[in-house]
Amino acid sequence: MRGGRIIGLHLGLIAVLFALNFLLPAYSHGTVARVMVLATYAMGYNILFGYTGLLSLGHAMFFAAGMYGLAMPMTHLGLGAGPALLTGIGAAAVLSLGVGLLALRTRGVAFMIVTLMFAQAAWLTILLAGRWTRGDEGVVIPQADRVLLGLDLSDPQTRYLAALALFSAVLFGTLWLVRQPMGRVLVAIRENEDRAELLGYDTFRHKLGAVVLSGTVSGAAGAAYGLFFGYAGASFAETHYSIFPLLWVLLGGAGTVIGPFLGTLFMFYLIDLASGLTPAYMLIAGVALVLLTLFAPQGLAGEIRRRWWRGLP
Amino acid sequence: MEFGPHLMLAVLEGAVTAAVLALMASGLSLVFGVMRVVNVAHGQFFMLGAVLAWAVSSAVSSALGGGAFGFVAAVLLAPVIAGALAVAADLTVLKRVGYDPERTIVATIGLLYILQQAALMTYGPEARPVAPPFNDRLALPWVAFGPEGPRLIWPWGLSITSYKLFVMGAAAAVLAGLWALMTRTGIGLVMRATQLDRETAQAFGIPVERVYAGVFGLGAALAALAGVLIVPIQQAHYLMGGDALLLSFIVVIIGGLGSLGGTVIAALLIGLSDGIVSVFFSPTLAKILATLLVALVLVFRPEGLRGKAAR
Amino acid sequence: MSALLSTRALSRSFGGLRAVHEVDLDLGPGEVRALIGPNGAGKTTFVSMLIGRVAPSSGRIVFDGQDITRLPAHARVRLGLAYTFQITSVFARLPVAENVALAARRRFGRDRAAVAAEVARTLGRVGLTGRDDSAAGDLSYGHQRLLELAMGLAQAPRVLILDEPTQGLSEPEIETFKALVRALAGETAILLIEHNMGVVMDLADRITVLDAGVVLAEGAPAAIRADARVQAAYLGRSADA
């Protein structure tokens, strides 16, 4: 019964997003496509932060690993979109495994700083390799190459549906994961790591699994972003892009399946609106972070869960 | 220039960086040491110091007609204003999240953006200089070994300005003062007691919340002072806090979180090597290596290079 | 040797302080052993070394013929050791049933029906039926202790280490607990740290007395009760209090 309602809610969201493909005006249509890809990034972040309780300040490196793992072979080796998507996701998976093995030796604040430092090094590396990455200027992926399985991803309709497909896959993947034994153990680690260890769970391996899963999903979002919008730039590896998913997830509700989407949607529109008014649009992000920390650490979906729907995953 | 004089110039430039860095990092270290929280907005107080230095000195100069008054006023005012802002932030935000380490980091990230973007809105995106109060060029000698034995030469370009010497001296004096404050005064005793055990300190009647607010303000004031001192050399810009924060992190972590002596030694190490490395290598590569080093120090030797292991 | 869990010269010092010094202990299969001693005798440090929360300074721990001295805690739990915390440590924000399910799931994995059955059975055994959906943190202190115990039971351990399980329990709850331990006798070996001498004398097959980190005496309850050194070191003191 309860499971039915939950599946219904998330299927409903997908249905609404699908309907919007035909209803939205051009500008919003492009924005929502972007939001779905970025929400996928946020869902990846949420696996680690929301469900496992590990706060990373360096997820931009995974997003960028996916993006550059796709863009570099495409622009320099002439690799097709399909295989390049795989190299992008693979690059993020390998990077997250390496970072996880090192960073998980630390806890709490040290974990946050270590991830921040690794991401900083990754961003600087992209700048250092400017000969190939063209640094801040970035590389443009030619329209002719952005064809996946015969679908032209530079076409707005196709791109929207491809973004929706990725988003749905990760949304239901998360929903499935958190009901699996592994997902339950991740939550147990978030709630009380010592106790989880003494129930016989190898908490290090579970956390490593969470880092790799989270980093890989984030990388898939980065690769998709590069492919769908035809561009890879160093700004996506900057600290901003590590803070954004934290902000989106906090706003939407950490440790909820639907929260990252809500948070990304709201914050994206808010920042979009603000950037029309002032160049200091990141002020919104700052104010939102402080207010969320003070008054709504549970976020939107977290409040819904607290007030009305206790079983919301 | 020969290799030797070149190296000496790099060392001198590095020493200026080290002096400013030591001031800034000691503020971060103090906050972490006493309050056990990481202030991610610390770099913004540095930026605030630099921007305020420009604002104060240009206001004073236009009122009094130039001279060193503007800079003196900036040195006195900017740290006080930044400190007061930090105290306000502590009381309205950090205190209310109970100084929980993770929530504090998220809140100070928010504070970072608020300060940085507020500077963009008011001060603008330009980089602006502040005239140093004095700026005499002092040529420096070098010992050359010719066929007739060692002799002093004055290589072209090997010089330092009196202002840069002043920065080193001022930083050393302030750090000595901070050390004396921590070890020789009642205020320092109260701070160290709070650092050792918050509950016990509270039980002994130490007003822990006021100590926290004061320490947070003092930390920000130190960063702001560093910003004031650097601005005649480097110009004020609203984005200058990011790199400064990163370097401070590096220093504080290598020096051992919360240890003032370690922080100063690490600032010298990083400042000097930054000066030397970036003269001879790509600065980007130097930064990559430095950030990776810090990450690995935290992973494998979290007590810092000098600190003692916990327990 | 028929011991299931043995320690040889197990020691741990913190700085210069010898918390546990060269303790030899043999726990037989199905045995109920009480570990008693005054506060600060090193009981909790000793069992923390058994389960792997504290690394020994020296000495060996052998479980079922295998040296486990260097195994991480989770691996020891997998071999069949279970531990309940002295200071209640449950997943406070998760439902009661999920707390027990996490303990049971390691054995039953994806078999949801089996996990659910085990949860219901275990909660019934400790008398917490009907509280499945409450957040564990909302339970009374005594009920949280019982939940801790249920989490231990749901793992079906071969050795169950209970660190002061009756602390904070009411008299009827203590009776339930005693009945539970008696029912477990033979099924699993139990190492019980306990201050309530009534519980110890009722339940223990043998008693080991720790004082200042060393074994002061070991024997059947009657013998321990009669031991003059034990009376001086421990029983006497608690009688005065």
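Cβ from N, Cα, C; glycine included.
Pulled from TrEMBL:
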TRANSMEM  A:7-27  transmembrane segment
TRANSMEM  A:47-71  transmembrane segment
TRANSMEM  A:83-103  transmembrane segment
TRANSMEM  A:109-129  transmembrane segment
TRANSMEM  A:160-178  transmembrane segment
TRANSMEM  A:208-234  transmembrane segment
TRANSMEM  A:246-271  transmembrane segment
TRANSMEM  A:277-297  transmembrane segment
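The transmembrane segment (A:83-103) makes no contact with the transmembrane segment (A:277-297): fewer than 3 of their CB pairs lie within 8 A, with pairs spaced 6 or more apart in sequence. If you look at the transmembrane segment (A:109-129), the same-chain residues 6 or more away from its ends with a CB under 8 A from one of its CBs are 54-61, 64-65, 68, 95, 99, 102-103, 135-136, 234, 237-239, 242. Remote same-chain residues near the transmembrane segment (A:277-297) are listed as 240, 243-244, 247, 250-251, 267, 270-271, 303 (criterion: CB distance under 8 Å, separation of at least six residues from the stretch ends). Of the recorded ranges A:47-71, A:160-178, A:246-271, the transmembrane segment (A:7-27) has the largest number of C-beta contacts under 8 angstroms with A:160-178. Residues 41, 84-85, 87-92, 95-96, 99, 103, 111-120, 122-123, 126, 133, 139, 141, 174, 177-178, 183, 186-187, 189-191, 193, 206-207, 210-211, 213-227, 232, 234, 236-243, 245-246, 249, 253-256, 259-260 of the same chain lie 6+ residues outside the transmembrane segment (A:47-71) yet bring a C-beta within less than 8 angstroms of a C-beta in it.
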